[in-house]
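Annotated transmembrane segment per TrEMBL: A:12-30, A:39-60, A:86-109, A:130-154, A:174-197, A:218-239, A:277-300, A:306-325, A:332-354, A:392-414, A:447-470, A:490-510 (among others), in sequence order. If you look up TrEMBL, you'll see A:135-359 marked as domain 'NADH:quinone oxidoreductase/Mrp antiporter transmembrane'.
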Amino acid sequence: MSALLQGLMPHLMVAPILLPMLVAAVMLLVGEGKRAAKLVLGMSSTLLGLAISVALFAWVDAHGAVAYLPGNWPAPFGITLAVDRLSAGMLVLTWLLGASALSFASARWHRAGVHFHPLFQLQLMGLSGAFLTADVFNLFVFFEILLAASYGLLLHGSGKPRVRAGVHYVAVNLAASSLFLIGVAMIYGVTGTLNMAELSARLSGVGVANRQLIDAGAAILAVAFLAKAAAWPLNFWLVPAYASATPPVAAMFAVLTKVGIYALVRLWTLMFAGGPLAGFGADGLFVFGVVSSVLAALGMMASQRLAVQAAGGVMVSAGTLLAALGLGEEAVLGSAVFYLVSSTLASSAFFLLVDVVERWRAGATVVDEAPFLSATLEAQEVNLDDEEEPLVALPFPASTALMGMAFIACTLLISGLPPLSTFIGKVGMLSAALGAGGASAPVSARAWLFTGVLLGCGLLTLIALTRTGIRTFWSEMHRQPPRVRAPEGLPLVALLTACGVLALAAGPTMELASATARSLYDRRGYIKAVLGAEVRPPPTAREAGP
Amino acid sequence: MEVVLAVAIGILAGSGVWLLLRPRTFQLVIGLSLLSYAVNLFIFSIGGLAIDKEPILADGVPPDLAHYTDPVPQALVLTAIVISFAMTALLLVITLASRGMTGTDHVDGTEV
């Protein structure tokens, strides 16, 4: 296995981008209808991508950061891809969410509109590219790819609420993309490079006269990322969009805000974790993070709709991560990476669970707001379906127990209570924040504020979710047990089990997260890998050589 | 030349932001288009303005930076133009769908 990996590296690094792109192209050739074929194709691609991501993570963990030159141009001139622990970890997370969301969608939601499967693959492609690229402008391109796919996926299923939220979502993201471009252009104008590693190295050479331009460029760029990460006050698009998206799509979108966080972590550590501009913008990130998580937790309290609360959970997690990054401590960032993974898994599982619960509450007659998924259409589709697969759900054994347990697990995870993994992440962040500067050093006001916000948000989300849980599960009698099909139950269980495994194996996984943060702050490994990536001799030179 | 370009970018960006804050979807589309024009000009100008200079190596021109203009912003702006064009088309489709479904061209889908 490792010999095979040895042979495939570093070319395997482009696989998470190329694989979904090719599969999406093939799906378009397959043509409309034929959902079963597309589902098989998409599922195989997604599982293969998951395996590749895990292999990449194992490789990077053993060998350190690796770079790849797709155009065979030396590093600062061509586009470079680079994978380190953070990128590989985000890839594993993305493809895991992709596999579970696709499995969930296969039960019914992929029938709600056209082109679900190609768009889903393109979404995975954009996400993988954003995590792999080491070039700021290329990051913009992959952002646009993933956003374009997400516009399509958000509108999947159509219907008034989705289109209405879609207009806002697209408009806000297009405006944020403009800011992204302005920031990139300003940074390029001062430093003359778009390569992230070279940018980090060149910052020390920036003169005092240009310092303000760099600051302004970095701040404008950060605003673009903060808008994607749903930081207050740029977060009003998130709740309507995520709450109205079809559930598997929303489950996939749980990782979309984390792309903004990833970009901030990547660029902030490369540019400002050391060197002449060390610590720039940390205050801003901290303040925005604190305010957005508090407001998101209050929003969860104010809402009675489960989907809105799930979207609120995404925002609380993003705000917490921003505040943790803003503390500017390596140890806090390590636990924050752990928290990022577990809270994303939890949010994704919660979006899937919301669909099951809402369908159960609506009773036997499912009233979806998707015009193309009406009862009559589903009935028609039985006749058109080659396999004549029954569209009436089979009762999943112990489905009531599954739904209740999953809700409890999601509540614990989103509010960060023991014994599941987000609790461990939160404890890690808090102990690192409070213990920063040694055991005898006084605790800074910021660390106290961070502690208060983390615990307060946990309490608010717990109250909000418990209240909804009581209303949903206990105050209603005489209901049929929910009908959960196996492709819907499995991903839900898998995602929550992943959180359980993270908690059980907290020692090694936390160690991995700390190693991730260490290499992010150290930066040398990443910079050396990117700038030292070797150009391969062209085939003609190889033939002429000895 | 710098002043003219700066004023042009400022007017485009200002008009774009103004229209972006208006309630009608058509104004939104035009506003985002104007904003993207401003951004494209801004990217183009970031490499420095030069007249009659080659962007790529040409015969008979000494190969140093004084005789060439920066080609990277031109490549960037090309990419940005294509992407913003595609996104504007997509936005138009969504606003048309919104107009058809809600019966109004207000960005919120309801007349307040």
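Heads up, the Cβ atoms here are built off N, Cα and C, so glycines get one too.
Predicted automatically and left uncurated, TrEMBL annotations should be read as such.
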Folded-back contacts onto the transmembrane segment (A:39-60), same chain, C-beta under 8 angstroms, at least six residues removed: 5, 9, 12-13, 15-16, 19-20, 23, 26-27, 30, 66, 83-85, 87-89, 91-92, 94-96, 98-99, 102-103, 106, 110, 117, 120-121, 124, 128
Two-stretch contact, the transmembrane segment (A:332-354) and the transmembrane segment (A:218-239), at least three Cβ pairs under 8 Å: no
For the transmembrane segment (A:12-30), distant same-chain residues with Cβ under 8 A (at least six beyond the ends): 5, 37-38, 41-42, 45, 48-49, 52-53, 55-56, 59, 66, 68, 70, 81, 83, 91, 95, 117-119, 121-122, 124-125, 128-129, 132
Remote residues contacting the transmembrane segment (A:174-197) - C-beta distance under 8 A, at least 6 residues beyond either end: 75-76, 80, 82, 134-138, 140, 143-144, 147, 203, 206, 210, 213-214, 216-225, 227-228, 234, 266-267, 270, 526-527, 529-531
Listed stretch, out of A:218-239, A:277-300, A:490-510, that has the most CB pairs under 8 angstroms to the transmembrane segment (A:447-470): A:277-300
Stretch with greatest number of CB pairs under 8 Å, the transmembrane segment (A:306-325) reference, A:218-239, A:277-300, A:490-510 candidates: A:277-300
Remote residues contacting the transmembrane segment (A:277-300) - C-beta distance under 8 A, at least 6 residues beyond either end: 203, 211, 214-215, 218-219, 222, 226, 230-232, 235, 239, 264, 268, 271, 308-309, 312-313, 315-316, 318-328, 446, 449-450, 453, 456-457, 460-461, 464-465
For the transmembrane segment (A:218-239), distant same-chain residues with Cβ under 8 A (at least six beyond the ends): 143, 165, 168-169, 172-173, 175-177, 179-180, 182-184, 186-187, 256-261, 263-264, 267-268, 271-272, 280-281, 284-285, 288-289, 291-292, 295-296, 299, 308, 311-312, 314-315, 318-319, 321-322
